[in-house]
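Colleague: Pasting the relevant annotations from Swiss-Prot:
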- Asp379, Asp383: Mg(2+) 2 binding site (BINDING)
- Asp379, Asp383: Mg(2+) 1 binding site (BINDING)
- Asp531: Mg(2+) 3 binding site (BINDING)
- 379-383: motif 'DDXXD motif' (MOTIF)
- 1-51: transit peptide (TRANSIT)
Amino acid sequence: MDLISVLPSASKSCVCLHKPLSSSTHKLKPFCRTIRILGMPRPRKSVLMVSSMSISVNTLVSDDAVQRRTGGYHSNLWNDDVIQFLSTPYGELAYRERAERLIDEVRNIFNSMSLEDGEFSDLIIQRLWMVDNVERLGIDRHFKNEIKSALDYVYSYWSQKGIGCGTKSIITDLNSTALGFRTLRLHGYPVSADVLKHFRNQIGQFVSCPSETEEDIRSMVNLYRASLIAFPGEEVMEEAESFSEKYLKETLQKIPDCSLSREIGDVLEHGWHTNLPRFEARNYIDVFGQDTKNMESNRKTEKLLELAKLEFNIFQSIQKTELESLLRWWNDSGSPQITFTRHRHVEYYTLASCIAFEPQHSGFRLGFAKACHIITVLDDMYDLFGTVEELKLFTAAIKRWDPSATDCLPQYMKGIYMMVYNTVNEMSAEAQKAQGRDTLNYARQAWEVYLDSYVQEAKWIATGYLPTFEEYLENGKVSSGHRVSALQPMLTMDIPFPPHILKEVDFPSNLNDLACAILRLRGDTRCYQEDRARGEETSCISCYMKDNPGATEEDALNHLNVMISGVIKELNWELLKPDSSVPISSKKINFDITRAFHYGYKYRDGYSVSSVETKSLVMRTLLEPVPL
């Protein structure tokens, strides 16, 4: 199919001089041909009435007599007034100074861990407890050196059978070993999952202690948390996950409502791959503050809790300023006038804030929100609103990267084109400051390939073609938008991404491929029914059923869930594999973006229907301060 076709009444020429940066699978034919493109009036507005839990498809007839589909999405939940009238006192100097004093006090706690009541103490579990808690409370960025020193100490006593509470412990214990294994693996230490085999019985099964003390229960909590950091082929980790999950669910039915039961509930519900660091910190602050054992047995932990609360609230004052900037961009870009799309810029900003809440990463947070908003607009335009011919024109215009290319576009596309053009250029300028080199052409190539994948899907929809599962997934990994959502925001960070590192994090790396696969697979399992109602038959589910005659939707979903589980383990390996030439810190942000998207699809399409879990995330981490 020609990407550009000559319209019947051609009389006016549209000349575009620039050449595309990339040639993708879906080749563009020369754009410089005589085409008459009349500016299309903006379509008449339609009033879409939907409940917060459902999505309907609407068809409207625009002023050009073209029938266009809209998704029936609910409107923006966060108008300007909600954001502009946010107030917080935690930006004041007094709070920051108090936080700095607490940081010094907590650092002293780290440094004094070798002394207890004036005498030498070699408790390994004490060091692990401290590291684990500052990470779960979201304050670990202040203690990188102290954390490394503590974990180096723990690892120096690590054995094939694990560790005990202290260096002189003759018998290893499950709680120390499970927590130690998890923490060491997450920090890149080469620890084998085989260490858990020593906690199985003679017939190779994990067993629980009949006493079921709090210590026994915490051992199972840490075993479950450890089991989620599995690599491919680690059967003992699968066994540990199955056993500990069953144990914890049964335990919840027995114990009273308390801090431990809340901790178990949070761990079971959010695991690791959908437990965003700032969201985890907000939930754990409540749990940690209610744990009377922590507060009474060691008053030093009060410092941890106070610092965590202050840090959380101080960051909200930063978020308010950034949100005001994001709203200005959203309004200035003409986004409010794009009536056919979902407006989820505040939700996307919240996701970014939950995975990168260091103050200096403002460029990442704003860039991610802007990139995701653009991706959403393009997704709705290519999937629903635009005609195939219009979409071909838009894709070709993007490849020319010249504002004059808008002369060739329908009226409703002109503003969208300029939003993409200006924002990508602005993010490239930010990336150049951070990375010391021009990355615009590199970013443009990513956007071109991304739009090519959309054109392919638009052709499938227009012709009613149902591809094979493999064909669909390969294209779908690109059209998921993961790469373009991550690339430019990532480059604005204070993390070096020289070319040899970037190719191991971005395309064509296995890390990027797996991240894109998870987003496509999980997204399809949550969206396929609504997409079908909108006339989009193509999904992982339908393609799998085509390839496997007789397979039901349930069969397809089961297959995809097994695939997702395997991809997650592979992604764990790509992030944490020992002796990698790429630092974990360079890979972590792309990995965490995967976690953010995974969170949005945990129960439903949380981007189309953002009025449930996603709304709660905004309220908990963005709008509501923690009581001091």
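The backbone N, Cα and C atoms fix where each Cβ goes, glycine too.
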Colleague: In sequence order, what residues of the same chain, 6+ apart, have a Cβ less than 8 Å from the Cβ of the residue listed as 'Mg(2+) 3 binding site'?
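Modeller: Once residues fewer than 6 apart are set aside, the residue listed as 'Mg(2+) 3 binding site' is near Asp383, Ser539.
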Colleague: Provide the number of Cβ atoms within 10 Å of the Cβ of Asp383 (Mg(2+) 2 binding site), excluding the reference atom itself.
Modeller: 20
Colleague: Any same-chain residues 6+ apart from Asp379 (Mg(2+) 2 binding site) with CB under 8 Å of its CB? Would you list them in sequence order, or say none?
Modeller: Tyr454, Gly481
Colleague: DSSP-wise, what's the residue breakdown of the motif 'DDXXD motif' (379-383) into helix, strand and coil?
Modeller: 5 helix, 0 strand, 0 coil
Colleague: Could you tell me the mean pLDDT over the motif 'DDXXD motif' (379-383), as a whole number?
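Modeller: Within the motif 'DDXXD motif' (379-383), the model's average pLDDT equals 93.
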Colleague: Reduce the DSSP letter at the residue listed as 'Mg(2+) 3 binding site' to three states and note it down.
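Modeller: The residue listed as 'Mg(2+) 3 binding site' sits in a helix per DSSP.
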